[in-house]
Amino acid sequence: MSIHGILGEQTTDYPTEYSPETLYPIARSMGRDVIGWQNDKLEVGVDWWQAFELSWLNQQGISQVAIARFGIPANSPFIVESKSLKLYLNSINFTEFGSWAEVQKLIAEDLSKCVQAEVQVELFHLADRHSGLLIAQPDGICIDDALVNSTEKVALMLHPDASLLERDSSDAQISDGKTFSFYSNLLRSNCPVTNQPDWAALAVSITSKKVVNQANMLRYILSFRQHNGFHEQCVEQIFADLSQYYEPSKLMVRAWYTRRGGIDINPCRVSDIALLPVPSRLIRQ
């Protein structure tokens, strides 16, 4: 079945019994082959999924609710299609469990089987004051006003354009390299299944001998606005483009996508696993 098949249809049957078969895997190679870069360098990182509508029954038949976070390693052969995950989570709404640990174990097993890699699952009580659930702020400076003094209108593009990174840039370099940390709230792309817009905040920490031109970086981010790509593929495209242009010694790219169907997706790619940040949640989530 194509990813544009049943999952993309407007009318969907929502299962009321536990249905792990609803989970729909999508090969990461679909997006990585389009990028056409070194796939192994895109395999360092995690996709954090946060689910806010998780519910099941205890043995008294009383509904239980929790917030869940799933960590899918970037080296998994597959991702899970987001609507299929929503259907799967809905399917356990009326399933009885003896403990929270049973729920956690079942979800971890099913997701791991779907993506063919070990998925980390955390469940949080609504009363938890867990720091990872509090509203955070991206590190670095916001570049969303970098073009405020520009007299040139930013054009809409059908595809991301990495050549914008070098537009009007000088060849000046920093001999020892410098770390630039910045973010933008303006990343937008389209879901390739439904064509609905996906909005995200994007954060980058990059150590490079090349100076980061904020105006060019913002133009580049805006070039994604009409691009059809899954969340993970968009972040990997950005990681690949920045790697090739800036030749950084260190690079971290992460995005916090806004929630849809009670689920938000937060991919992160790093040049070294030691650079992996902790999962967090932003104000639009």
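Using N, Cα and C of the backbone, Cβ positions are placed for all residues, glycine too.
Going by Swiss-Prot, these are the annotated features:
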type	residues	note
ACT_SITE	Cys191	active site, thioimide intermediate
ACT_SITE	Asp198	active site, proton donor
BINDING	Val80, Glu81, Ser82, His231, Glu232	substrate binding site
BINDING	Ser82, Lys83, Arg260, Gly261	NADPH binding site
- Message: I'd like to confirm something. Which of the recorded positions, Lys83, Asp198, Arg260, Gly261, has a Cα closest to the Cα of Glu232 (substrate binding site)?
- Response: Asp198
- Message: Can you tell me the CA-to-CA distance separating Ser82 (substrate binding site) and Arg260 (NADPH binding site), as a whole number of Å?
- Response: 9
- Message: Just to be sure I understand the packing, how many Cβ atoms besides its own are within 10 Å of the Cβ of His231 (substrate binding site)?
- Response: 24
- What same-chain residues, at least 6 away in sequence, bring their CB to under 8 Å of the CB of Arg260 (NADPH binding site)? Ser82, Gln196, Asp198
- Message: Residues other than Ser82, Lys83, Arg260, Gly261 within 8 Å, Cβ to Cβ centroid, of the NADPH site?
- Response: Leu85, Lys86, Gly262, Ile263
- Greatest C-beta neighbour count within 10 angstroms, which of the recorded positions Glu81, Asp198: Asp198
- Between the residue listed as 'active site, thioimide intermediate' and His231 (substrate binding site), how far is it from one CA atom to the other, in Å? 8
- Query: What other residues of the same chain, not counting Val80, Glu81, Ser82, His231, Glu232, have a CB atom within 8 A of the CB centroid of the substrate site?
  - Reply: Ile26, Asp47, Trp49, Ile79, Leu85, Phe230, Ile265
- Could you give the Cα-Cα distance between His231 (substrate binding site) and Lys83 (NADPH binding site), in whole Å? 13
- Note on the structure: Cβ neighbour count (10 Å, all chains) around Val80 (substrate binding site) is 23
- Message: Among residues Ser82, Lys83, Arg260, Gly261 annotated as binding NADPH, what is the maximum Cα-Cα distance? Answer in Å.
- Response: 9
- Query: Is Arg260 (NADPH binding site) helix, strand or coil when read with DSSP?
  - Reply: strand
- Task: Look up Glu232 (substrate binding site) in the DSSP assignment and report helix, strand or coil.
- Result: helix
